[in-house]
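Contents: one structure, followed by commentary.
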Amino acid sequence: MKYHIKNINLASEGYRRIDWANSKMPVLSLIGDRFRRKKVLKNRRIGCCLHVTTETANLVRILKAGGAHVYLCASNPLSTQDDVSAALAKDGIGVYAINGENRREYYFNMDQVLKAKPEILIDDGADLISTVHKKRTKGVLGATEETTTGVIRLKQMEQDKVLRFPIVAVNDSLTKHLFDNRYGTGQSTIDGILRATNVLISGSNFVVAGYGWCGRGLAMRARGMGANVIVTEVDPVKALEARMDGYNVMPMIDAAKVGDIFITVTGDIKVIRREHMLKMKDGAIIGNSGHFDVEIDKVVLKKLTRRQRSIRNFCEEYTLKSGKKLYLLSEGRLVNLAAAEGHPAMVMDMSFANQALAVEYILNNKKLKNVVCTLPVKIDESIAHLKLKSMGIKIDSLTPEQKHYLTSWKMGT
Ligand SMILES: NC(=O)c1ccc[n+]([C@@H]2O[C@H](COP(=O)([O-])OP(=O)(O)OC[C@H]3O[C@@H](n4cnc5c(N)ncnc54)[C@H](O)[C@@H]3O)[C@@H](O)[C@H]2O)c1
């Protein structure tokens, strides 16, 4: 198998870290055992565009164990862990990913995956799927999508009637977004901020832009560390929820004046822009955990800047013409994956269990329409059951009388 990675000699470190992640991914391992025994993916060609992390490595490994030929490129130029790509390349995966690759290299690497003519795509952000559509590549039976931003793009493609194969929106499984987006992003975003800055969260004014699944998790964790959390929103219901959850809610223009740390997690564009940067305090830290690096207007930040220098890894100092200093984390790219390692394996266990089962679902259901669908509730629930079991947690089940009561309407007051 060909590959394009930084350094194959990093493989031994990669193996150790992949094994560590594997020990926290019992649900994926169980699915992997079945895939290996039954060779459910025998000779299938699978093209993945995912963050190249230790958790992804374990997903890729079980696909290969199931008999598939697997090709992998990065879903973000800064999130590739080079030791992981080395280990996967050594294990016969077609990896095309190097940390720090530029935009041209990013798409070159994606092209290498597409040259393998994959039948199933596993995407994170929909760059791979949209490229296949733009190039009119043939032979794809279906695809899965990992994240909120990707699902939004794909639903738009469905609406525009341009989708050429079915998509399973893995993000929309409850066992994905309730846990990965909330607890995964919550914890790993804080991890990224700390690794890039080592600032004290306690006592800070911590601004969270967007109170969706990721924003809820981040606000919860920042509060847990003693921050005064401020939420900005555009959705009145989410704004109300944030207020009733006990946070301050205000427009970004007001938050800009008081915030010490700003993190965007909206999936939207230019959430922090010129007028906000001009109002910010000297020393304010700005980062993003949304999928693309468009949430902070970097072009405007550069225009406002007199001097720029790197202060620490993933922390860039911008001295504005006024003399004020602002600090941008990981070039405005996902701070949890660039400055830290992404979500803990324990939560990716469920996300990637959904991915593995979604691939199998597409192959077993030849009549899926060219729309964005979700995995059946039964599969979602089976993942929750397995996760609970792996945690040693038992729950009650409905008695026959309860089942009857919950499906009838006759009994009232
Ligand atoms: N960092 C990670 O590892 C990670 C993990 C999962 C998802 N994501 C990405 O994070 C982003 C958010 O995902 P989510 O699942 O929380 O989505 P979501 O749809 O649940 O929440 C997004 C929220 O942002 C709000 N919003 C939109 N525009 C806004 C604006 N201008 N100002 C303030 N709020 C605004 C929306 O009203 C919504 O409540 C997406 O890009 C997603 O792909 C990142």
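Just so you know, glycine gets a Cβ as well, placed from its N, Cα and C.
A TrEMBL annotation is a machine prediction, not a hand-curated record.
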Candidate from Asp33, Asp124, Asp127 that TrEMBL assigns to the same substrate site as Thr53, Glu146, Lys176, Asp180: Asp124
Those binding-site residues in Thr53, Thr147, Lys176, Asn181, Glu233 whose CB falls under 6 A of ligand 1, listed in sequence order: Thr147, Asn181, Glu233
Separation of alpha carbons, Lys176 (substrate binding site) and Gly215 (NAD(+) binding site) (Å): 15
Nearest of the binding-site residues (Thr147, Gly212, Glu233, His291) to Asp180 (substrate binding site), judged by Cα-Cα distance: Thr147
Number of Cβ atoms other than its own within 10 Å, given for Glu146 (substrate binding site): 29
